[in-house]
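Novice: Mind looking over this structure? Questions follow.
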Amino acid sequence: DLIDVKCISSQECWIACKKVTGRFEGKCQNRQCRCY
């Protein structure tokens with residue numbers, strides 16, 4: 001799922017995704033975080 005977190009690198013999304021999905025899985029796509 002795309003979340004409303006801006007990013008440059010995928011590792012910026014891991015903590016944000018952990019809060020949302022409970023998993024450290026995500027990547028930066030079009031400067032926005034996508035969680036798995």
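In case you wondered, yes, glycine gets a Cβ from its N, Cα and C as well.
From Swiss-Prot, here are the annotated features:
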DISULFID  C7-C28  disulfide bond
DISULFID  C13-C33  disulfide bond
DISULFID  C17-C35  disulfide bond
SITE      K27  site 'Basic residue of the functional dyad'
SITE      Y36  site 'Aromatic residue of the functional dyad'
Novice: For Y36 (site 'Aromatic residue of the functional dyad'), just count the other CB atoms lying within 10 A of its CB, please.
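Specialist: 11, counting other Cβ atoms within 10 Å of Y36 (site 'Aromatic residue of the functional dyad').
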Novice: Please list, in sequence order, the residues in the chain of C28 (disulfide bond) that are at least six apart in sequence and whose C-beta is under 8 Å away from its C-beta.
Specialist: C7, I8, S9, S10, E12, C13, R34
Novice: With Cβ-Cβ distance below 8 Å and at least 6 positions apart along the chain, what are the contacts of K27 (site 'Basic residue of the functional dyad')? List them in sequence order.
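Specialist: Long-range Cβ contacts: S10, C13, C33, R34, Y36.
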Novice: Given a separation of at least six residues and a C-beta threshold under 8 Å, show me what packs close to C17 (disulfide bond) in the same chain.
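Specialist: Those within reach of C17 (disulfide bond), by Cβ under 8 Å and sequence separation of 6 or more, are I3, R23, F24, E25, G26, C33, C35, Y36.
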Novice: Including all protein chains shown, what's the count of other C-beta atoms within 10 A of the C-beta of C35 (disulfide bond)?
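Specialist: So the number of other Cβ atoms within 10 Å of C35 (disulfide bond) is 21.
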Novice: Determine, from DSSP, whether K27 (site 'Basic residue of the functional dyad') sits in helix, strand or coil.
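Specialist: DSSP assigns K27 (site 'Basic residue of the functional dyad') to strand.
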